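Reviewing the structure listed below.
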């Protein structure tokens with residue numbers, strides 16, 4: 001949804017050779033970014049935060065189902081899962097709308113096809129929202145990493161309990177010696193590392209801009225690109241890893257290492 005809403009705006013800016021502020025209606029005051037730029041900044045902030053919050057819900061579900069199955073069975077219901085998505089989206093929309101209400105300042109980034117919140121070179125009222133945003137993102141990254149590491153530990157324990165070579169066929173069949181746990185373990189590890197690498201540059205840039213007065217627009221733009229790369233690469237990692245050829249290759253490598 002984020003790519004479908006944001007990409008046409010960027011393509012239109014390139015097609016007309018204009019910046020986002022020039023494409024849409026002007027801002028209310030002189031020097032304020034245009035309405036389209038403000039909308040773009042809101043969508044960028046929303047689609048950076050909302051999927052992260054949903055990832056946390058998925059990581060919590062995975063951790064509870066593996067580590068606390070009785071609690072998961074009793075308290076995690078379909079109704080709870082159905083309400084988490086809209087609730088997370090509503091909370092993120094309210095939070096990301098704060099710059100539109102004056103708490104934070106949208107900013108157009110070079111070459112004029114990106115808009116996001118100002119991450120450096122402003123006063124407390126302008127940098128308060130970026131600091132809150134980066135802090136929230138950092139807490140979500142830490143929570144997702146902790147849940148995924150715990151889930152990987154449980155998966156590793158499940159894989160270790162599988163029968164070894166030389167186990168009688170009847171016992172091996174009863175224990176269902178599959179490498180499914182190992183497949184999930186590697187996939188979860190890859191996606192956790194990728195998500196962390198793509199999210200940390202934005203968090204670091206916000207704190208550098210706020211507390212070290214490091215105004216570097218190119219570095220800010222690189223951090224935004226890292227944040228966008230995550231949503232592009234993550235599905236491909238999942239799709240490629242779930243193919244039978246790649247999974248067979250990984251299993252052969254693991255057997256050689258063992």
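Cβ atoms here come from the backbone N, Cα and C positions, even for glycine.
Database features, via TrEMBL:
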DOMAIN    1-238  domain 'G-protein coupled receptors family 1 profile'
TRANSMEM  39-66  transmembrane segment
TRANSMEM  87-107  transmembrane segment
TRANSMEM  127-151  transmembrane segment
TRANSMEM  185-208  transmembrane segment
TRANSMEM  228-250  transmembrane segment
Should anything in the same chain at least six residues away from the transmembrane segment (39-66) have a Cβ under 8 Å from its Cβ atoms, list it; otherwise answer none. 1-2, 5-6, 9, 20, 24, 33, 72, 76, 81, 84-85, 88-89, 91-93, 95-97, 99-100, 106-107, 114-117, 133, 136-137, 140-141, 143-144, 147-148, 150-151, 154-155, 158, 188, 195, 199, 202, 224, 227, 231
Sequence-distant residues near the transmembrane segment (87-107) by C-beta distance (under 8 Å, 6 or more away from its ends) are 33, 37-38, 41-42, 45-46, 49-50, 53-54, 57, 115-119, 122, 125-126, 128-130, 133, 136
